[in-house]
Amino acid sequence: MTGTDGSRRKSRAGRPQRPVDPEAGPVQRLAWELRHLREKAGEPSYRSLAKKAHYSASTLAEAAKGDRLPTLEVTLAYVKACGGDMTHWEARWQAASAALVPSEDDRLPAGQSPPCPYPGLAAFGTEDAEMFFGRDDLVKDLLEQIDHTARTALIALFGASGSGKSSLLRAGLLPALPPNVRVLPLTAGAHPLTALAAAVSDATGSAADTLRSRLSGDRQTLEVALRTWLAAQPEGTQAVLVVDQFEEVFTLCTDAAERDAFLTAVADLACTSDERIRTLIAVRADFYSHCSAHPELVAALRQGVQLPVGPPTHQELRDIVVRPAARAGVSVDSDLVATVLAAAANQPGALPLLAHVLRETWDRREGSLLRLADYHASGGMRGAVAQTAERAYGDLPGEQQKAARKIFLRLTALGVGTDDTRRPISRGELDGIAGEAVISDVLNHLADARLIVLDEERVEVAHEALIRAWPRLHRWLTDDRSSLFVHRRLTEAARTWESLERDGGAVYRGAQLAAARSWADDHTGELNQLESSFLDAGTTAEAAERDSTRRRARLLKRLVAGMSVLLLLALLGGGIAVRQRQDAHRQELIALSEQLSLQSRSLLSTDPDLAGLLAVEADHLHPAAESRGAVLSAASARRRTELNTGGPAVYAVAFSPDHSLLASAAGDGTIGLWDPERGTRIASLPGRAERARGVGFSGDGKLLAATGNSGTTGSITVWDARTRRQVASMTEKEMALGMALSPDGRMIAVGVGAHGDIAVRDLSTGSRRLLHGQGGAVRSLTFSHDSKLLVSADGSSDPVAWHLSTGRPFARLPAEHVASVVFGPSEPVLAGAADDGGVHLWDLRSDPPVALPTLPLQGSYGWTVSAPVGDRIAVADENGTVTLWDLRHRQRLQTLLDRGRTETASLALSQDGAMLATAGFNGTIVLHDLRNTPFSGFDAPVNDLKVSPDGALIASAGNDGVVRLWDVRGHQIAALTGHPDRVQAVAFSPDGRLLASVTRNNVVTLWNVRHRRHETKPFPTTGLGASTDIAFDPGGRYLAAATLGPFVWDVRDVASPSPLTPKYSARLVTSLTFSRDGRRLVTSSPGGYINEWDVTGGTLVDRTDTHQGAVQDLALSPDGSLIATAGDSRTVALWDAATHRQTAVLNGHTAPVQVLAFSRDGRLLASAGDDHTIIVWDVISQNRVAELAGHSGRVRGLDFTSDGVLLSGGEDGKIISWSLDLSTARADICARAGRTLTRQEWAAYLPSVPYQPRCGGKRS
């Protein structure tokens, strides 16, 4: 009996846990006590405990292992399931937790500092496991999936960049794995098959070279190698292949064959039936579509488990902040904890920024407390990375700064349809970009600043967060982006040439060589040694080919006898020489045209006038799709001017009341005066401080005041704005950031000291009075329009409103963390931007002031606001996104993406509302022209747009659940609201009376276009998945929506649409359209098929494999003869609609194509997608007509108007109207610029062409 009972007990308990020593520490003591509690409860199995505790068996077992302290929630659930005393055990857990904090005796002696527990931008490593907190649940989930009893072989982690995937794997998962699990870690890199072979070789002892060669051809190699190795290991051994930064397969690997072989190998291993093998991949979420384009990987993902890595919870964030410091014996100020939690809450990519600012705060601390003041001094969450990077860059001398720029550009992989990513490089790639000593000094300096990671062979940025958070780097990457792509292609071509042992067949020739040479001539010093050698080899090869041609011509002459023949050959040779010279000249012009087109595109967002002038010249030199696209893109670009480019940081800007002047306060102490209409500098007023911090005009525009700091001493200077003569000057000790000049020009107020004092100066008498009571150092001040009130804010406590007649506060405005306050020029409305994301509004006409409804959150911070002008206000967030708001309706009017992230430190609206100025730490002042902007007044991503049959209306479908109706000039005439989810697609009925919309959650609405109301109640489809498209048949009888299978309704009775009786089979549908006779419904699928259905019968009558990967859209030509399909393969295919025979494949896109549209005459086809580019094709010749650039996000909607204008809408919230008339576009460019290219510009951009600019106007 005893033996039988013992066997049963072992069976219930499962695998025995390894012994734990209660004397080893508080965690082990708690685990030992939990085990004894379970024994007293009769030693129930963890599976039975799980049913009572509502935690998994593995989580409960983990709590009693003694490896790490379980959470309080898990501990109490364990105790409750075992019948223990909850209060008693909570006290035990608290004692164990407290024991983990070093005692006074354990802490380092005075004068010795503990190592920083925060990693900064770098990821946690396995050696940092004891400092890794806040991700217990995710670690638990991973351990459960890796357990050999789990039924899946693939675990895929998907999360945003900066969500902590690498740290989770290295410091969370790997140290927690049991000894029987062997990990094969790798990052994909530029050569993923080589990395995979090396990882397997390290584990199994197999030869890496042999594995690498076999992996390319034999799909079973990987699994066989692991199974063979496992067979020789002790029973219970597992192998886990861990691929971190899986997206590098798509961003760094340029060899398509190697990429496919790697993906196939990983996917095959992930589908193994061997329970001893697991595959874990960590992928950036924005590369999910890249993964879904590989069929084998899609199959593996379907069978596997996908774990999203989202932002940490509130408690997890608290653990991430507090527990590492506690482990190091340091406390965190409660105000700092609250501020950090508010800053990082619900931010998907905030963890590296958080770790960096905490490390900077740690370095500034005094004693054993991390303080809020040190956090703010570090730049806070939004600015610490930029501040560190700027400091490191600024400490370099000029030559080293140039080298640093070249290094960072090479360390970034340029995204197409995705954000830019890190690009690890070998040190050898830097040879030749600067002197060896210069490169070494710069690398060491940047590594010391923890901006890059450096070893003997490799260099890479510490984290991709640096690319997003440093405005200067972001500007470098966007200023001349097209040119950077030219350089990157050159870099890869040179590497390929080197890998082929410098094969002469791999060098550039012809137009490609000419374009690269032209780029190199314009970018002196950018090439490394290998790239220079590569171009030299191309030049030498081309010269050799010319010499060979000449030698063949001479030989031919000698072989021909007879004077008449010689004469003939001489004439022929002369003709050949002429033609060769003509061809060479033509190739030179083509290369120059292509280069000008690229330069034009790169200037669109910074200098649209110059972009247009260059595009006109490019199209004159060589009319082609690129040059035509450059002209059309420039003609459609929104007006935007950049000032102070490359100058010092700008901390404040202000318009004069008549908006004829713009003043700026710069980091070098100067005050700039600009003409905003012409975009030119008028004057630079020398400041009296090292850094100018604030600037403002009086209400009548006669006075200009500025403040600045030199150390802790502040200066105040006032000028006559017209004569630029200084009229007043004064100083303040310990001056804070806040300053304001009263509208009546009589007073100036500045913050002084760290405790919230305000000095108010009378400019006529020089007298000074002090206001006390703000609380913290004043960061912002503003006067009411009548100069009777003053409001102050410190970024922490509530803003304070003061009566200037008494000098006493009369109200505290309840809103924490407000760092920026501003009155409108003529209204009593006060706006305040809070660090927690809200923009607060108050009406100060009453006492106490009345709080108005706040503006909706637009980011984790509302960094700064402009003065309200009428019913408009501009708000900038920490990402550099500026949003123009309608205060009356609390609606976004327009979103403007400024250069760089964490950039916009100040912004101002002109009092006529026509111009917006933004400025920031990268030194650039941006002027946005807000006058008569078509298709404005919203900023939601556009998912679809359609033009009505009569061409009078345009309907757009938005992510905000609104369908907007526009006239052809881009004026909004109606907003159709009430949709329960984002609107995915819209369609007009053939007679234009009805508009159908469908939402992502499958709700269809029929609208009466004339009366803007529902014709019937919205009705849902019954399919699974999201709806993606909707269409009427040509007769207006039927309406079809796309989801899991098409759904068709008879809508002849509009008041009561009825579904057709036939049931279409459940096939996923991405898009659909009816045949011209209405008898067939044509649909596309993510599997890559065109399906043709009988409408009334619901039967599938034809199915065609496009071989394009997922087909995202299809379009039927107006005459019904052609079907066009858009695929994830980056191609557009044309098909005979009757036979489904493919007639053409159109190549040109660099990312998946999402949307198509035929012009109404059927002569043109437009395609667009994830590369942000629109290509217009000639349907008959199948040539590109133009490539259009203007969107900063994926393009989701296209349609043509009745007069041939192309409309596009995208995820950037923009709708752009493209006139495809070249002559009109050229005329518009010249008229808008009001000038021609100067001789200096001509010499810079067209040095080999005689000066003869196309646009008229004044020449200089």
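Every residue gets a Cβ built from N, Cα and C, even glycine.
Now, the feature entries from TrEMBL:
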{"type": "DOMAIN", "residues": "33-89", "note": "domain 'HTH cro/C1-type'"}
{"type": "REGION", "residues": "1-27", "note": "region 'Disordered'"}
{"type": "REPEAT", "residues": "643-684", "note": "repeat 'WD'"}
{"type": "REPEAT", "residues": "818-852", "note": "repeat 'WD'"}
{"type": "REPEAT", "residues": "935-976", "note": "repeat 'WD'"}
{"type": "REPEAT", "residues": "976-1017", "note": "repeat 'WD'"}
{"type": "REPEAT", "residues": "1069-1103", "note": "repeat 'WD'"}
{"type": "REPEAT", "residues": "1104-1145", "note": "repeat 'WD'"}
{"type": "REPEAT", "residues": "1146-1187", "note": "repeat 'WD'"}
{"type": "REPEAT", "residues": "1188-1221", "note": "repeat 'WD'"}
On the DSSP side of things, how many residues of the repeat 'WD' (643-684) fall into helix, strand and coil, could you say?
0 helix, 22 strand, 20 coil
Tally of DSSP helical, extended and coil residues in the domain 'HTH cro/C1-type' (33-89)
37 helix, 0 strand, 20 coil
Non-local residues, at least 6 beyond the ends, that sit with Cβ under 8 Å of the repeat 'WD' (1188-1221):
417, 601, 604, 629-630, 632-633, 635-637, 895, 897, 934-935, 938-947, 950-951, 954, 956-957, 966, 968, 970, 1154-1161, 1164, 1166-1170, 1172-1176, 1228
For the repeat 'WD' (976-1017), could you work out the same-chain residues 6 or more beyond its ends whose Cβ comes under 8 Å from its Cβ atoms?
943-950, 953, 955-965, 1023, 1026-1032, 1034-1036, 1039, 1041-1043, 1049, 1051, 1054-1057
Distal contacts, the repeat 'WD' (818-852) - CB-CB under 8 A, six or more residues away:
339, 342-343, 380, 657, 699, 743, 779-785, 789, 791-795, 798-799, 801, 810-811, 858-869, 873, 875, 877, 885, 887, 911
Which residue counts does DSSP yield for the repeat 'WD' (1188-1221) in the helix, strand and coil classes, in that order?
0 helix, 17 strand, 17 coil
Which residue counts does DSSP yield for the repeat 'WD' (1146-1187) in the helix, strand and coil classes, in that order?
0 helix, 24 strand, 18 coil
Counting by DSSP, what is the helix, strand and coil composition of the repeat 'WD' (1104-1145)?
0 helix, 24 strand, 18 coil
Please work out the helix, strand and coil residue numbers for the repeat 'WD' (976-1017) from the DSSP assignment.
0 helix, 21 strand, 21 coil
